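Data block below; observations after.
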């Protein structure tokens, strides 16, 4: 099962990307809203396919890959262990990223964050609008498939924007703790926005769950 902790997600799932021994299989998390709840910004067909097909595939493939990895460990087959690393990273990252993504969205979302998160955004980016522009640009600018992220640099105590290719998990790739992720794989928007990724980015700001992002930020500051 994916840890429900909002801080240190990469560390919580780290065992899934290279361990062994007994474990529970990963499972597809339920959405905290109906498939059609984010309309008109993200339609129900996209949400259903994205969650029940794409995310489910990452979960299933992660479980299969981990079983193979355990077998390779038991046999002492280092070559097989190395060969399985890309699949662990891809499917484990897909599971981590999407589990964050669903909670980052809400039919009651949009607007601006409040309190300490808003103050931190103003401190590190100048204003909320400048932050939106920078994260939008980073997300639109991803070549091919990937993610745009707002992350927290715990060592510096600062918010940072980053982009990761494919399903590379933010924390495992950059060390930043994920607060807000924007999926820019085509399966996240193509059925509604076709090849116009900027329109999808413009729409998704209307359903950002700032309460969830703030919760993640406050947890990581402790």
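The chain as shown is numbered from 1 upward.
The backbone N, Cα and C atoms fix where each Cβ goes, and this holds for glycine too.
What Swiss-Prot records for 50, 98, 183, 187 is Mn(2+) binding site, and it gives similarity to another entry as the kind of evidence. Neighbour density for residue 50 (Mn(2+) binding site): within 10 A of its CB lie 23 other CB atoms from the protein chains shown.
The 3'-nitrotyrosine annotation in Swiss-Prot covers 58. Following the DSSP three-state reduction, the secondary structure of residue 58 (3'-nitrotyrosine) is helix.
Residue 68 (N6-succinyllysine) falls within a helical segment according to DSSP. Counting only same-chain residues at least 6 apart in sequence, those with a Cβ under 8 Å from the Cβ of residue 68 (N6-succinyllysine) are 80, 84. Annotated N6-succinyllysine per Swiss-Prot: 68 (among others), in sequence order.
What Swiss-Prot records for 68 (among others) is N6-acetyllysine, and it gives similarity to another entry as the kind of evidence.
Positions annotated as N6-succinyllysine by Swiss-Prot, on the basis of similarity to another entry: 75 (among others). Secondary structure from DSSP puts residue 75 (N6-succinyllysine) in a helix.
Taken from Swiss-Prot, the feature N6-acetyllysine applies to 75 (among others), supported by similarity to another entry. Around the Cβ of residue 75 (N6-succinyllysine), 10 further Cβ atoms fall within 10 Å across all displayed protein chains.
The N6-acetyllysine feature in Swiss-Prot is assigned to 114 (among others); the stated evidence is similarity to another entry. In the three-state DSSP assignment, the secondary structure recorded for residue 114 (N6-acetyllysine) is coil.
In the structure as shown, the Cβ atom of residue 122 (N6-succinyllysine) sits within 10 Å of 13 other Cβ atoms. As annotated by Swiss-Prot, N6-succinyllysine applies to 122 (among others).
Swiss-Prot lists 122 (among others) with the feature N6-acetyllysine. DSSP assigns residue 122 (N6-succinyllysine) to a helix in the three-state reduction.
Taken from Swiss-Prot, the feature N6-succinyllysine covers 130 (among others). Neighbour count (other Cβ atoms within 10 Å of the Cβ, all protein chains): 13 for residue 130 (N6-succinyllysine).
Under the three-state DSSP scheme, residue 130 (N6-succinyllysine) falls in the helix class. Here Swiss-Prot flags 130 (among others) as N6-acetyllysine, drawing on similarity to another entry.
Long-range neighbours of residue 202 (N6-acetyllysine) (same chain, six or more residues apart, CB within less than 8 Å of its CB): 136. In the three-state DSSP scheme, residue 202 (N6-acetyllysine) is classed as helix. Under the heading N6-acetyllysine, Swiss-Prot lists 202 (among others), citing similarity to another entry as support.
What Swiss-Prot records for 1-24 is transit peptide.
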Length of the line joining the Cα atoms of residue 98 (Mn(2+) binding site) and residue 58 (3'-nitrotyrosine), in Å: 9
Going by Cα-Cα distance, which of the binding-site residues (50, 183, 187) sits nearest to residue 122 (N6-succinyllysine)? 183
In whole Å, how far is residue 183 (Mn(2+) binding site) from residue 58 (3'-nitrotyrosine) when you measure between their Cα atoms? 14
In whole Å, how far does the CA atom of residue 114 (N6-acetyllysine) lie from that of residue 50 (Mn(2+) binding site)? 30
